[in-house]
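Some features that Swiss-Prot has for this protein:
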- 96, 98, 157: Fe cation binding site (BINDING)
- 167: 2-oxoglutarate binding site (BINDING)
- 78-176: domain 'Fe2OG dioxygenase' (DOMAIN)
């Protein structure tokens, strides 16, 4: 399941991040890639531990926590490993799959879902599409600044070469309460249906039955 969340950031949040990134110091993005992804990763990123990165991470984390669609689609247990990246002309991130586990030592988080928060409007750069491969085809995304794409970490994906301009983005990962993507999609559909029913009919018998089923499936499947 791939979800687009329009305008995750409000104007003030987006402006704060964009203005901060314009003058930020970036490092080689290969530092955080897996050994095989390093071969195809050509971009720059903020150091995760820098004061600026931490302050911008807080803005994004707050926006995610306050977004009902993100909560309903991801069932986030932990949102982790946020990175702010920059692509200059000629840079790309070739075909790869994200690491299943991230972190080191005793603290490792599972990557069930990945997200890309676009921080540059599409008319500010040429190329640089995020391309997600499926079994039979592939889909390319270039969303407005402030919008987010949420997709399974199990997919093969890439960022096409930037031909002109600069592409800024924030990427991150989610360890979900619902590990199985098929179960997660069933819960999302069921929750969407019961909320739609409530909007039309209020707290009906049918709504209560759907809510009972939803709650008990969530109780059974969460981990």
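Every residue number used here counts from 1 along the chain in the order it is shown.
Cβ from N, Cα, C; glycine included.
Cα of residue 157 (Fe cation binding site) to Cα of residue 167 (2-oxoglutarate binding site): a distance of 17 Å.
Close to the recorded Fe cation site, the chain also has 37, 93, 95, 97, 114, 153, 155, 156, 158: residues not among 96, 98, 157 whose Cβ is within 8 Å of the site's Cβ mean position. The binding-site residues under consideration are 96, 157, 167. Their Cβ neighbour counts within 10 Å are lowest for 96. Around the Cβ of residue 98 (Fe cation binding site), the same chain contributes 111, 114, 153, 173, each under 8 angstroms and 6 or more positions distant in sequence. A straight line from the CA of residue 96 (Fe cation binding site) to the CA of residue 167 (2-oxoglutarate binding site) spans 19 Å. Helix, strand and coil counts from DSSP across the domain 'Fe2OG dioxygenase' (78-176) read 3 helix, 62 strand, 34 coil.
Summed and averaged per residue, pLDDT over the domain 'Fe2OG dioxygenase' (78-176) gives 96.
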